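Worksheet for the structure shown next.
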Amino acid sequence: MVKDSSRGALQNICAEVCNAISQLLLSGELRALQPTFQIYGKRPMFSGPMVTLKVFEDNILVHEFLEEKGNGRVLIVDGAGSLRCAILGGNPIVQAQNNGWAGIVVNGCIMDVDEINGCDIGVIGVRALASHPMKVNKKGIGEKHVPITIVRTKIYDGEWLYADTDGILISRMELSI
């Protein structure tokens, strides 16, 4: 995936990146997440440096992050793969868009899918395992900026995430071809 410096847009070339720089895949510098995430919203391609968050069926810390300026970053939330409730809904995603976040990846569920897929949200990319109608508990428990493991892939705060319709790549550094 390549950032087009003239527009900041991404070209849909995750597969080409994997083929072009296969030595990074072999060394572990570049990792592909297993294809378990659904694409939500109108922006299927996004990239940026990651901010990591680990929570379980709680979204207070998620909301706190999304209230901050995103500056093109991607929030990656390890919700332990829980399918029992939604960690995130439409209003916080609109807030994230307004605050300049490039994308959100949730290892868990989201809600308000029609709102997220609607015309009001178009400049932020969203990935999650599934949608769920139940809300989370609000305890404020979790860990910020910590290493997380999602679908057997270790991810570190500050690494780069590249997502397109082919999948999600994690890189230790910003990629350019």
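Just so it is clear, glycine is given a Cβ too, placed from its N, Cα and C backbone atoms.
These numbers come from a predicted model, not from an experiment.
Sequence annotations record features per position, and here TrEMBL assigns substrate binding site to Gly89, Gly90, Asn91, Pro92. Annotation source TrEMBL lists Mg(2+) binding site at Asp112.
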**Study point:** Asp112 (Mg(2+) binding site) and Gly90 (substrate binding site), Cα-Cα, nearest whole angstrom
**Key:** 5
Practice item. Out of Asn91, Asp112, give me whichever of these binding-site residues has the highest number of other Cβ atoms within 10 Å. Key: Asp112
Revision key, fill the gap. Whole-number Å distance separating the Cα atoms of Pro92 (substrate binding site) and Asp112 (Mg(2+) binding site) is 11
Review point. The residue listed as 'Mg(2+) binding site' to Gly89 (substrate binding site): how many Å between their Cα atoms?
Key: 5
Practice item. Would you count the other CB atoms within 10 A of the CB of Pro92 (substrate binding site), including those on all shown protein chains? Key: 19
Point to revise | Cβ-centroid neighbourhood (8 Å) of the substrate site, Gly89, Gly90, Asn91, Pro92 excluded | key: Leu88, Ile93, Val94, Gln95, Met111, Asp112, Glu115, Ile116
**Study point:** Cβ-Cβ neighbours of Gly89 (substrate binding site) (radius 10 Å)
**Key:** 18
Exercise for review: State the count of C-beta atoms found within 10 angstroms of the C-beta of Gly90 (substrate binding site), not counting that atom itself.
Suggested key: 19
